[in-house]
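Colleague: Have a look at this one.
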Amino acid sequence: MAASSTNARLTNPPRLLSKPRLSPTSVANLRFPAADFSTRFFADSSSPRLRSVPFPVVFSDQRRRRSMEPSNVYVASNSTEMEIGSHDIVKNPSLICAPVMADSIDKMVIETSKAHELGADLVEIRLDWLKDFNPLEDLKTIIKKSPLPTLFTYRPKWEGGQYEGDENERRDVLRLAMELGADYIDVELQVASEFIKSIDGKKPGKFKVIVSSHNYQNTPSVEDLDGLVARIQQTGADIVKIATTAVDIADVARMFHITSKAQVPTIGLVMGERGLMSRILCSKFGGYLTFGTLDSSKVSAPGQPTIKDLLDLYNFRRIGPDTKVYGIIGKPVSHSKSPIVHNQAFKSVDFNGVYVHLLVDNLVSFLQAYSSSDFAGFSCTIPHKEAALQCCDEVDPLAKSIGAVNTILRRKSDGKLLGYNTDCIGSISAIEDGLRSSGDPSSVPSSSSPLASKTVVVIGAGGAGKALAYGAKEKGAKVVIANRTYERALELAEAIGGKALSLTDLDNYHPEDGMVLANTTSMGMQPNVEETPISKDALKHYALVFDAVYTPRITRLLREAEESGAITVSGSEMFVRQAYEQFEIFTGLPAPKELYWQIMSKY
């Protein structure tokens, strides 16, 4: 289904969940009436889904094979619908290759040892980075001293590398590397046929030729990628390597299609932040290897993660064909700590899942591209929370009442998307705990919420703003919505029975002292850390200030609020609470709450 914008909606409206989630910490304390919505949201048995077109998948490299459960991964590429997956699949666990880029062989030797210590499986020696290069001596040195298998790449300028010298000399160096004991060499498709013919009958038994193609503009259609694979195979390549560029995260689905059905070992990577998933999930979708850098400052291609992140953040060695994929959908999204907490939590309970960053421009096209049971659940952040509600087949009454979804679960039985909102309990409980810990006399009696009768000023009318506003209203607070666009503030205020303000009027709004201020916008988030939605002078009228931003932990708003004498509540408090609610939705297991708090205490 085509979609022209982030807010594009699916044809069928969501219905209320027949069995709403009953969390002892959330729904029991936040009962919003759903009756008002029953006339507008109705059950519909149909839902847009991509049809499947099966084809066999075979992996020829039998080293370290392991069984893969039958799976169907639906992906979309241009106008073509396809299915990744088949029965009786076997696959090769993916390797981690560390690019070594230095201007001298001595530095390269040091970096190969570092790669070994960090946990890489092999190193890519980028010869085109060397300044003073003595081929015979330098190749002998690196092959002898590297503690890991070596892949030699001498990338020319015309394929995105540094080398600008004679082409025949370049190929001679690669042949010499083979003769001296290299494990792999990388040769560009443009010259591969001629090169491979020149070494015919001379290849050592263990030696492999990787034939590579790099596209720095986009990711072609599946038909074009299939044709590219065929051309690479025709050269006599032992291993196929294709690297493309992600214009949209849905482009990665086409690369998963290629690696999943490969007849020979294939490296398929999509460059850029939108392509990060291709590098993390290659073990799941049949990729021969992925690249992990020694540190984040030195990458050989855009979007490469570090070896440390692959192993420690994403638990790369635990990812296999049957691993379920979860992720944080947003734009921006790289700042999110969700992968850190969820992946550690998954590992702590031995849950076979991986949680990744998902930079999504268009939510509808993303959900269509990744509509199989392999992609089991998502967290939604700015700007997709409201659109997410319309993309779900069924929605929890709380999320329906709020008008925003921050958690999506794919139901195992039928693949339908179920929408929830954990922002509400996360933010409200954080603010309540802040008020209770202050000993504020207005917080009694203890049997009621400390928000009762408080004036709560909510900055922002998006998904998080809606969740907090509804939660505060249910707790008996007087809610005021302040937003840059007054019309949006008014719309939310009318929906909950509150008041509306333009954000420009916030500094002059102080009908009483002891109010609660809650920022639910991205103002003050990295990298714009000096932004704040309100003047410091106006903060003296607030007893408590909450900021949903948690990167950085202490924003300018919180710093100035503390200096003004207010209680401050960090977005980390909300983040942890909503995150372990999400964990329970994703896994059906009790959340390791102490672990979540322990992890976030470091940030």
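Here the Cβ of each residue, glycine as well, is placed from N, Cα and C on the backbone.
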Colleague: Out of 1-22, 67-88, 573-594, which range is noted as region 'Disordered' by Swiss-Prot?
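Modeller: Based on what Swiss-Prot states, region 'Disordered' spans 1-22.
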Colleague: For the NADP(+) site, Swiss-Prot lists Ala461, Gly463, Ala464, Asn483, Thr485, Arg488, Met525, Ala548; sort out which one of Gly419, Gly426, Gly434, Gly571 goes with them.
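Modeller: Looking through Gly419, Gly426, Gly434, Gly571, the residue Swiss-Prot assigns to the NADP(+) site is Gly571.
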Colleague: In Swiss-Prot, the residues Glu124, Arg126, Arg155, Lys241, Ser300, Gln304 are said to bind 3-dehydroshikimate. Which of Arg274, Arg279, Arg410 is said to bind at that same site?
Modeller: Arg279
Colleague: Please give me the CB contact count at 10 A for Met525 (NADP(+) binding site), counting all chains in the structure.
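Modeller: A 10 Å sphere around the Cβ of Met525 (NADP(+) binding site) contains 20 other Cβ atoms.
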Colleague: Give the maximum pairwise CA distance in Å, whole number, for the residues Ala461, Gly463, Ala464, Asn483, Thr485, Arg488, Met525, Ala548, Gly571 listed as binding NADP(+).
Modeller: 23
Colleague: Determine the mean pLDDT over the region 'Shikimate dehydrogenase' (328-558), rounding to the nearest whole number.
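Modeller: Taking every residue of the region 'Shikimate dehydrogenase' (328-558) together, the mean pLDDT is 95.
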Colleague: Let's check the environment of Thr485 (NADP(+) binding site): how many other CB atoms sit within 10 Å of its CB?
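Modeller: Looking across every protein chain shown, the total is 11.
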